[in-house]
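**Q** Let me begin by handing over the structure; questions about it come next.
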Amino acid sequence: MVNWKEIDKKWQRAWIENGVFEADPEDKPKFFLTVAYPYVSGPMHVGHARTYTVPDTIARYKRMQGYNTLFPMAFHYTGTPLVGAASRVQNRDEDFLETLTGLYGVEEEDVPKFEDPEYFGDYFAKKSRLSYKKGMKMLGYSIDWRREFRTINENYKKFITWQYHKLMDMGMVSQGEHPVKWCPNDENPVTDHDLLEGEGVKIVEYSLLKYRVDDYVLPAATLRPETVFGVTNIWLNPDADYVVAEVNSEKWVVSEKGLEKLKNQNFDIGEVSDLDEQLIGKKAQAPLIDREVPVLPADFVDPSNATGVVYSVPSHAPYDYIALVDLQNNPKPLEKFGIDPEEVKKLEPISLISVSDYGDSPAIDVVKREGITNQNDPKLEEVTEEIYQKEFSSGVMKDWLPEYSGLKVSEAKEEVDQDLKIRGEGSEMYEFSEKPVICRCGTECLVKIVEDQWFLNYSNSDWKEKAKRCLNDMDLIPSETRSQFEYTIDWLEEWPCTRKVGMGTPAPWDPSWVIESLSDSTIYMIYYTIAHILEDIKSEKPSDEVFDYVLLGLGDPDALSKDSGIPKEKLEEMRKQVEYWYPLNYRLSANELIPNHLTFHIFHHVALFNPDKWPKGITSFGMALLEGKKMSSSKGNIIPINEATEKYGADAVRLYLTSGVEPWQDFNWQIPEAKAMIKHLERFFENAKDMIELPEVEKPELGAPERWLLNQLQKRIRKTTEGLENFETRKASQNAFFLLMQDLKWYMSRSEEGEARNWTLRKLFGVWVRLLTPFTPHICEEIWSRMGREGFVSRADWPEVEEDFIDEIAEFSEAYLEDVKDDIGKILDVTDLENPERICLYTAPEWKREAQQLALEQVQEKKIEIGELINEAKDQLTDVSPGELADFYKRTVKQVRKMPEDRVSVLSERDIDEFEILKDAADFLKERSNAENIEIWKSDDPERYDPEKRADRALPFKPAIHVE
């Protein structure tokens, strides 16, 4: 058994003691990458490890390529996560306390300490065995820890103060009225990082249409006011609690939760009372049209969404159509309200929009197309979105609507909304695009219009254009995310950048506000370049002028040194660090942060820095799952990283995290698969130890198996390098480890003991250990050391392809032999022969090889015409009958069509002797098939042994086989 823990600790200690990953400006190309620093409101788990192992793998690769590589780390304290976690301790949240003491091992007597948000953060940042820093060290990350900081450090706060002074001076920050996500408990705006659920949810504007019933107003909320002309009925939830609220001298009927929303959105709310009469069954006067529609019961209406009042347009809304059909087919719910079922059956969809690819009623079309029969079908959501997008983008209002006839739906929506407001029949309110939206304190959030909030003006058109210019020049991985960034830049408007609650930097213009966490984490990547120097300066905290010089090159260092008390050489060293390391080469973070953090990262860089300092690339990650479920520290659904490394070892964890899927795909941690990595690495380590014992020899004459393995090694180098260049860690690790393990297994079965094998294995492992270092650095350092190599393999040169070892014929020959071996195996399985007495292989005659060559030429020209082939072959192969040619081509065309391009190329361009390949490998094939004797014959050899007349069936590189 390999003592992984001992190997891990040995090399982690050596790296730190020797400063292997500390990076300072040098006269060589640099590579600077960062990943989102962690919120330290809980332990580091395997999901986080996936996020941080990918950039470490890339950093190690670039370092070995010769780049001066900087990979730093810090810890995010600002915002409400830590305050929320500490609050749950203060409130003695039993589930949360059980997680702390049970899953996270906090002693009961220490629990009160966690009421302090800063202590809470320090515990999970550095102090605990579950902390991020210890977890990152356990995994052997190549981080320059000198540059570490907390976002509540005073120097960092000064940096954020500088940033927001600049933005304020540029007019990018303003105060005003705006709808925001709001936590009623904290009485504070919240943004995505403040949420337990609902990250990325948008605030959308609903139109409120006033339907009148007697003295009451039913304010129905919709995203599509232009559909009012197609209304057939109103829906109310019969089980919901509705109230009557006086709104601008009108009696509005809304759900209780709807009332709370109106109160928070500047509606003038007067007296409120319970609704003491039943409105279901009555008629409602629709706005803008001379039509009354019935109020019908519907338990699908969500009283917590908008006002809890919905109007029905079954011709253009799939949900409404299905609900109406259900009620018409099952009128029992109508009895309670005395509604005549026949009146409901008379309700018919009203078509008001023409749109290509659909009939008069698009909603009915898609429901029937998808076979949707009930309101619980998940496809309803998809087809609703389909109809909305199609009608909005290309729909036209029908001719029977004289005021709006011929208008595009997008135009009619605005005109109808304005007409409703002008006539006093409409208003607006704000709601979330999805639910639930839950604050970290556990409270359900709502949309509130705040009047004195501070906003970043992302709606500024000039700012957007600069962001787009930057984006156009960026390398985005995967490339499909470009449209997400473009969409985000377009829709981003004012963003609330301050809050009253939470940790962080006070707003420079009003210290009663704090800069929120998604707004103080946009350009901190540049702070890494100077953090270690600032922390060493024992003087006044840096001023705006210091940051002007260090980050922008403004001002005179002599005068600045005198004013700030910071030595001139320190100022110049910081400036040098910024100039050397910036711009940032790559930023890595979760795909779900594209709608906020990652796009903000672009906006703030283009606002504050010249184009030569704008970020160059972004890589986005998929989600991390544990046995199919989303990982959540707050819910305890995690495997802490210390537990994982204790159980599997650092390198097994790293290899599993990088080899399962590509970084932008969702990763699912499954325990059996994680365990399997240990076995793989143990096998590799045993092979390496065996290789180390081999004697060193001069390069001998190499046989076919050796030439093949060295050729495979060049392929693996090329594919691994290609993968890492594109952040494709799965592709890279598959080539660097798993496929090379298969190559080695095949080689060992094909080769014989001796100098050729010894030399080849030593050559292989000298490259392999370097190729694998970015993924499994601990075991590679151990092997490198035992091989007697100097220095750290983490600092060794990255392997490059050696063209002299590329051997297409060797590659083809071994692939061919594997095919022959497999074909023999299939025959033995069918015939149930375990130990055949005799196996005969028959190679095709030369005329078939020449005829096949003609087919290969056509394959390369991307065409195969059998008639044309036969005619051409008849002219060249005059001794072969047309019947034989026709029979041959019928069979061989299938063969060559399936043939990989590289094989076609080799066969077309090289003269390969199939017979000699089989003769040289006869002993190998005999051993692998457990045969007493194996014979290789040319099919046109008159002396051949061929009792079943198999030889005539031979095709080029598809030998006929006889077994007895």
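Backbone N, Cα and C define each Cβ position, glycine as well.
Owing to the predicted nature of the structure, the values given are computational and were not obtained by experimental measurement.
Just lifted these from TrEMBL, have a look:
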type	residues	note
DOMAIN	11-669	domain 'Aminoacyl-tRNA synthetase class Ia'
DOMAIN	706-827	domain 'Methionyl/Valyl/Leucyl/Isoleucyl-tRNA synthetase anticodon-binding'
REGION	941-964	region 'Disordered'
MOTIF	38-48	motif ''HIGH' region'
MOTIF	630-634	motif ''KMSKS' region'
**Q** Sequence-remote contacts (6 or more beyond its ends) of the motif ''HIGH' region' (38-48), Cβ cut-off under 8 Å?
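**A** Residues 75-77, 79, 81-82, 84-85, 104, 120-122, 124-125, 128, 130-132, 135-136, 193, 440, 624-626, 631, 633-634, 638-642, 644, 653, 657, 667, 669.
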**Q** Mean pLDDT across the domain 'Aminoacyl-tRNA synthetase class Ia' (11-669), rounded to an integer, is what?
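**A** Here the predicted model's pLDDT, averaged over the domain 'Aminoacyl-tRNA synthetase class Ia' (11-669), is 94.
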**Q** Per DSSP, how many helix, strand and coil residues does the domain 'Methionyl/Valyl/Leucyl/Isoleucyl-tRNA synthetase anticodon-binding' (706-827) have?
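**A** So the counts come to 96 helix, 0 strand, 26 coil.
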**Q** Going by DSSP assignments with H, G and I as helix and E and B as strand, what are the residue counts for the motif ''HIGH' region' (38-48)?
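**A** The composition, in the requested order, is 3 helix, 2 strand, 6 coil.
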**Q** If you run through the region 'Disordered' (941-964) with DSSP, how many residues end up as helix, strand and coil?
**A** 3 helix, 6 strand, 15 coil
